[in-house]
Amino acid sequence: MEEKIEQNFKEILEFIGEDSSREGLAQTPKRLMESFKEIFSGYSVNPSEILGTTFNEGASDEMVVLKDVEFYSMCEHHLLPFYGKVSIGYIPDKKIVGISALVRLVEVFSKRLQIQENMTTQIAKTLMEVLNPKGVMVVVEAQHLCMMMRGVKQQKGTLITSAVRGIFKSDPRTREEFMGHIR
Ligand SMILES: [Zn+2]
């Protein structure tokens, strides 16, 4: 399998007009393969299991906000990077998770082929399913290389997506409180 992938990358190098046998490129197919393993390591992890360790905080129903978690992902349409930050808020119903679990959750979904809209929804959906909180809100802001390097070449545009669940949806004040925290 790995040999075949290296061969395919070599053919891609030829396709773009390169001499894949020149010194600087000799190890490139192998490096590409290794870097793909790392960039796409999110497939081998079950997101629900990351949130497996929860704490029971009986009375706590205050908002938990983690803002500006950095991420790097690859768009599924062009295989070019998009990167930015994710902010997560939720209001627990007994179950809470550690900060590192939230960071890992962002990492697992970002280290897959993605579109930003889906990544945003997947993070919110997993938190709803596993923690069963009163509500969740996820906001993602990102720069897309596929927009900056090619196509419309619009370099300043930031794409903002959000997913809103539970009380964040039904109560505008909860939503505003969250937006106030992440601004
Ligand atoms: Zn793209």
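A Cβ is built for glycine as well, from the same backbone N, Cα and C atoms used for every other residue.
The feature domain 'GTP cyclohydrolase I' is assigned by TrEMBL to 5-182.
A helical conformation is recorded for CYS146 (Zn(2+) binding site) in the three-state DSSP classification. Non-local neighbourhood of CYS146 (Zn(2+) binding site): CYS75, HIS77, HIS78, LEU80, PHE82, each in the same chain, at least six residues away, with C-beta under 8 Å from its C-beta. If you look up TrEMBL, you'll see CYS75, HIS78, CYS146 marked as Zn(2+) binding site.
Those residues of the chain, other than CYS75, HIS78, CYS146, with a C-beta within 8 angstroms of the mean position of the Zn(2+) site C-beta atoms are MET74, GLU76, HIS77, LEU79, LEU80, PHE82, HIS144, LEU145, MET147, ARG150. Looking at the domain 'GTP cyclohydrolase I' (5-182) alone, the prediction's average pLDDT is 94.
Of the listed binding-site residues, namely CYS75, HIS78, the sparsest CB environment within 10 A is found at HIS78.
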